[in-house]
Amino acid sequence: MNEKTLDLKVEIGGVVLKNPVTVASGTFGSGREFSEFIDLNKLGAVTVKGVSSAPWKGNPAPRIAETYGGMLNSVGLQNPGVEKFIKNDIPFLREYDTKIIVNIAGKTIEEYCDVAEKLSHADIDLIELNISCPNVKEGGVAFGTDPHMAREVTKEVKRHSKHPVIVKLSPNVTDITEIAKAAIEGGADGLSLINTLLGMAIDIHKRKPILANVVGGFSGPAIKPVALRMVYQAAKAVSVPIIGMGGISTGEDAIEFILAGATAIAVGTANFRNPKATMDVLDGIKEYMISNGIKSLNEIRGII
Amino acid sequence: MNEKTLDLKVEIGGVVLKNPVTVASGTFGSGREFSEFIDLNKLGAVTVKGVSSAPWKGNPAPRIAETYGGMLNSVGLQNPGVEKFIKNDIPFLREYDTKIIVNIAGKTIEEYCDVAEKLSHADIDLIELNISCPNVKEGGVAFGTDPHMAREVTKEVKRHSKHPVIVKLSPNVTDITEIAKAAIEGGADGLSLINTLLGMAIDIHKRKPILANVVGGFSGPAIKPVALRMVYQAAKAVSVPIIGMGGISTGEDAIEFILAGATAIAVGTANFRNPKATMDVLDGIKEYMISNGIKSLNEIRGII
Amino acid sequence: MKEIKHAMIQENRMIAPGMYSMTLQAEDIAKLAKPGQFVNLYCKGEARLLPRPISICEINKEEGTINLIYAVVGKGTGEFSQLEEGDTVEVLGPLGNGFMIDENKKKHIVVGGGVGTPPLLELVKHLKGEIDVYLGFRSYPILVEDFESLGARVHIATEDGSVDFKGNVLELMKKENANGDIIYACGPKLMLKAVSEWAASNDIPMQVSLEERMACGIGACVGCVCKTKKKEDKDWQHRKVCKDGPVFWHTEVIWDE
Amino acid sequence: MKEIKHAMIQENRMIAPGMYSMTLQAEDIAKLAKPGQFVNLYCKGEARLLPRPISICEINKEEGTINLIYAVVGKGTGEFSQLEEGDTVEVLGPLGNGFMIDENKKKHIVVGGGVGTPPLLELVKHLKGEIDVYLGFRSYPILVEDFESLGARVHIATEDGSVDFKGNVLELMKKENANGDIIYACGPKLMLKAVSEWAASNDIPMQVSLEERMACGIGACVGCVCKTKKKEDKDWQHRKVCKDGPVFWHTEVIWDE
Ligand SMILES: Cc1cc2nc3c(=O)[nH]c(=O)nc-3n(C[C@H](O)[C@H](O)[C@H](O)COP(=O)(O)OP(=O)(O)OC[C@H]3O[C@@H](n4cnc5c(N)ncnc54)[C@H](O)[C@@H]3O)c2cc1C
Ligand SMILES: Cc1cc2nc3c(=O)[nH]c(=O)nc-3n(C[C@H](O)[C@H](O)[C@H](O)COP(=O)(O)OP(=O)(O)OC[C@H]3O[C@@H](n4cnc5c(N)ncnc54)[C@H](O)[C@@H]3O)c2cc1C
Ligand SMILES: Cc1cc2nc3c(=O)[nH]c(=O)nc-3n(C[C@H](O)[C@H](O)[C@H](O)COP(=O)(O)O)c2cc1C
Ligand SMILES: Cc1cc2nc3c(=O)[nH]c(=O)nc-3n(C[C@H](O)[C@H](O)[C@H](O)COP(=O)(O)O)c2cc1C
Ligand code: FES
Ligand code: FES
């Protein structure tokens, strides 16, 4: 067994990714900056940062705080709006042989649908419906914590989208399976989890929160145990493909998520410490497969 | 300003602790083992491991897994039962000039009440009602995630307890303030938070979960941002004293919790890395106070 | 008061593929330690909070040193393997109860499997009488000359047959008609379970040293339990490997897992 | 392809209380770097994931080295201060845009506050004409001789009056009737804001180098923004300090925070 004989392909919503490695939305821009560090052709997909119908300014700075083994962000989905995104970023990404997953944001069901509609005519592969951003007051997080709203927004976005829709779930809930099932009832073609936990850090010298927004989204290796548990629970509860993420920075981490039931995995915060993290994760997955005689990840996916 | 002039006293449910430092239940036994490393007289209180009405065997091993900057445990509240505890551990602890907080566990409201009742005749200071253990299937966690049940169990335990009752909350909920308020409605004299997050780790070589119980309680420095955020939210929502915990291992960490609104703080997982962690935290608090000219923590508590 | 000490490393070298021997300057531990006890080693890497329990392989009370032998199986032991002479490592010990040595026993069977072998070396130094040491390894035996230089007869099994008998240690014991008044064993649980059954059927008392994942190592967290039942007990108990063990009588241990 | 490099440390020494100077062997960075750019330094401590942005203080293209001057303010810079000659540190750069040098300007005002001073040294090496350097510190001035040896006139303010003028740097500039064709400034935001107001009222163009908490340092995460508004824009924008800056025209920056 060697690299050539490995079957790394995975399918999500009818779209085939050449390998299970993508990036976590918001940690990779639209790939332009990272294309100077890695060959984007080697990624299963690029998941771009969240885009909304109109341009969003995001939250005030400071937006970043470091925590033990992790970080907080309160970017708040700053983005130039879907039209500029389509014009500037899709042609760039289409130069590469990789799938394009577009993460979409909205404050109302109408706004979500509007982005989905505008993307229906764009040359992309999958939509990732972000109902879980902790950094946006209106909508955002409520859609991700209330099963009824999760179902409704998914249903409406599905109606307006020509592309398959993955729903991205928030970990800040009592029962992840309840929201996962609601998204499936709404017609989700797949699930992504987890988005960031809600966290906080305080500057004890200034005696105020480090983030201007007070609280922020908590990500990085520190959160992996929660992410893995939720992917495991969701994979047991539903049968659509899952993109697992939360603290993945090595091939071993990725294998944990696949054993827990993830179809694909996304590398997020790790990109900031190591711009080649995606490649290290991909290589690590291959090494594990080779040294364990695994030809396809189907042999081990969700066996736990 | 020097150590002597600092006023470190805090009050919870009418009980005065000489300083705000206690330990997180389950990480310190009943203090016997740690009494070989530190002078228990120096602690504001010792919070003992959870005790139940009858002896509990706990979960099968392995019960411990290490994660990035944290750990998982699935001890499952193994304990010899409240009667043995009263007989063996209270006389030992009473030799020290420190308050005794007894963490109580149950599978039904009746069991909780039974422990509280038995402790009413014992020489202890406070009861910490654990409605948040993720490692016990029956009761345990449901009491901590359902506001109605949280209120009911608090109310009943209050009726059966001669001692003030602190309610210990679970972080595995969508809205911590809802549960916090329910506990207050039930008559809680204080709140403790957070208990462990629910997490998981997988052994990719054996291809199974590391913990025999599959999932476990996630603690340590990694979880601090979630703990701090929840203490902040709870402190804004209610006005009873809060014991803050979750990842505290330095005086700086403790100050963050106090700025967020905690009255006292507990050191948990840090004890495993450093058996003197409680003393380091206490010294760190004092240093911060001295170098910032703070005479009493009341000056900075909850100012954020 | 007890405390974690910074111990100076006198030596840290590879003795077999993936297997290292570390000698620590640790007077207080050397003074108190008994065979079968262990120490907690703490990692420098901030991602790794929990101590690594490692058995004491040799105790040199005169020099004030202890020797540890460890396999590199993960990040913590990987980190230890990078330490050099003169570096320090944080260590706490001695921990646990150690083997109970009965001076009346004259014919000893000592059984070690893989990295379960090291603590048996110090044990053998304390045994009087005839000693048969049965050791099982995957491919690379360790400590063989050390046991021999103590006057013990050493019998070796390797899984792949690279050295001496091909097979597991119990098969070797059976083949060589092992016999004695008492057995001391340390190694993988499945091996201990098999030897325990053999000991029971041959009516030889046996002490086993167990391993379990630990958090505190000092008996406070109740993380490291094994299922046990004493003769006089009606019901089984979860007891702590770090404090009530790591050494138990084999009849106390419930092997069902 | 770009990549994080392991750079060898040639020197790392304290130059003032809590202030260090580190020289790195980093050919690729030295080759490309311009004044005002910065590098990401990465921590070894596993608890600290994010890079520490540090301005390039001096660039030596012949030797292939860069010099950084940093204050120890937390765990990351604390870790850096412990590194020794011969150690390596992971570094990425050069990052950001750097100062825009206009050859037509002949009379330069350079304003530095505290640890905002270092990037101005390399800048001054590239300026032609008359140069007045105004520096403000709490107590301990740094780099004074370095600026002087480049032919600049150096004016110093210290908050506690321990050296030269007692007060802040703007007070000093006013006292000395600072004047010139252009201002380059780096330091605390409040200082920059004050100098910006002075520059506006004196109608002198000014470039400011900003700081913000960063995650990626390469423009991908949109973490490090500042509020800006270009003349031609109707509305203000959040722009990235790491990629669109750290140097901005002072009129672009909205100072209201
Ligand atoms: C009482 C006792 C004595 C031991 N004596 C020795 C010895 O003399 N030589 C030796 O090589 N090994 C010994 N071990 C096993 C040794 O503790 C582990 O191999 C070591 O902790 C692995 O750490 P790691 O970071 O390299 O592995 P990782 O797998 O990265 O460790 C992750 C976590 O799991 C724990 N862990 C992993 N494997 C084990 C294990 N087998 N037992 C307990 N905890 C484990 C680690 O301590 C850590 O908390 C002993 C274990 C116990 C309980
Ligand atoms: C473009 C730029 C250039 C800089 N140049 C220099 C320089 O030449 N010399 C110098 O001493 N300092 C400089 N700084 C500030 C320096 O980055 C911080 O002092 C340093 O990151 C603190 O790290 P720490 O781990 O010691 O502090 P901690 O407070 O423990 O750091 C925690 C987190 O906060 C971030 N952080 C803390 N303070 C700052 C800050 N002031 N700016 C940005 N991030 C911060 C850290 O990067 C880290 O992510 C510069 C900052 C920026 C943005
Ligand atoms: C700076 C930053 C920005 C993010 N922006 C988005 C976003 O726009 N949309 C989204 O769905 N998730 C966003 N996330 C969440 C990540 O996609 C991911 O779910 C989370 O960070 C957990 O993965 P990690 O631990 O590997 O980073 C963002 C995370 C970070 C750190
Ligand atoms: C091994 C272990 C056992 C625990 N047992 C209990 C318990 O019996 N009762 C309880 O309320 N919390 C228990 N906890 C939770 C802690 O008291 C604390 O809430 C949690 O660990 C977060 O704090 P930390 O990060 O400082 O450890 C336990 C935690 C650990 C690690
Ligand atoms: S490891 Fe804590 S009780 Fe044994
Ligand atoms: S730090 Fe990521 S965009 Fe500037």
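For all residues, glycine too, the Cβ spot is worked out from N, Cα and C.
In TrEMBL, annotation is done automatically, which means it is predicted and not curated.
Keep in mind that this is a model prediction, so the values were computed, not measured.
Now, the feature entries from TrEMBL:
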DOMAIN    A:8-289  domain 'Dihydroorotate dehydrogenase catalytic'
BINDING   A:SER25, A:LYS49, A:GLY50, A:ASN103, A:ASN130, A:LYS168, A:ILE194, A:GLY220, A:GLY246, A:GLY247, A:GLY268, A:THR269  FMN binding site
BINDING   A:LYS49, A:ASN73, A:SER74, A:VAL75, A:GLY76, A:LEU77, A:ASN130, A:ASN195, A:THR196  substrate binding site
ACT_SITE  A:CYS133  active site, nucleophile
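Features per TrEMBL, on structure.
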residue: A:SER25; record: FMN binding site; DSSP (3 states): coil
residue: A:LYS49; record: substrate binding site; DSSP (3 states): strand
residue: A:SER74; record: substrate binding site; DSSP (3 states): coil
residue: A:ASN130; record: FMN binding site; DSSP (3 states): strand
residue: A:ILE194; record: FMN binding site; DSSP (3 states): coil
residue: A:GLY246; record: FMN binding site; DSSP (3 states): coil
residue: A:GLY268; record: FMN binding site; DSSP (3 states): coil
*asked:* What whole-number value in Å do you get for the largest C-alpha pair distance within A:LYS49, A:ASN73, A:SER74, A:VAL75, A:GLY76, A:LEU77, A:ASN130, A:ASN195, A:THR196, the residues recorded as binding substrate?
replied: 16
_Residue pair A:THR196 (substrate binding site), A:ASN130 (FMN binding site) - Cα distance, angstrom, rounded_ = 11
*Hey, what's the Cβ neighbour count for A:ILE194 (FMN binding site) at 10 Å?*
28
*asked:* For the domain 'Dihydroorotate dehydrogenase catalytic' (A:8-289), report the average pLDDT of the model, please.
replied: 96
*Considering only the binding-site residues A:LYS49, A:SER74, A:GLY76, which fall within 10 Å of A:SER25 (FMN binding site) when distances are taken between Cα atoms?*
A:LYS49
*For FMN, with binders A:SER25, A:LYS49, A:GLY50, A:ASN103, A:ASN130, A:LYS168, A:ILE194, A:GLY220, A:GLY246, A:GLY247, A:GLY268, A:THR269, what's the maximum Cα separation in whole Å?*
19
_For each of A:GLY50, A:GLY76, A:GLY246, A:GLY268, count the other CB atoms within 10 A of its CB; which of these binding-site residues has the top count?_
A:GLY246
*Cβ under 6 Å from ligand 3: which of the binding-site residues A:GLY50, A:SER74, A:GLY76 qualify?*
A:GLY50
*Take the Cβ of A:SER25 (FMN binding site) and count every other Cβ within 10 Å, whichever protein chain it belongs to.*
28
*What's the CA to CA span in angstrom from A:GLY50 (FMN binding site) over to A:GLY76 (substrate binding site)?*
10
_A:GLY246 (FMN binding site) and A:SER74 (substrate binding site), Cα-Cα, nearest whole angstrom_ = 17
*If one measures from the C-alpha of A:GLY76 (substrate binding site) to the C-alpha of A:ASN130 (FMN binding site), what distance in angstrom results, rounded to a whole number?*
12
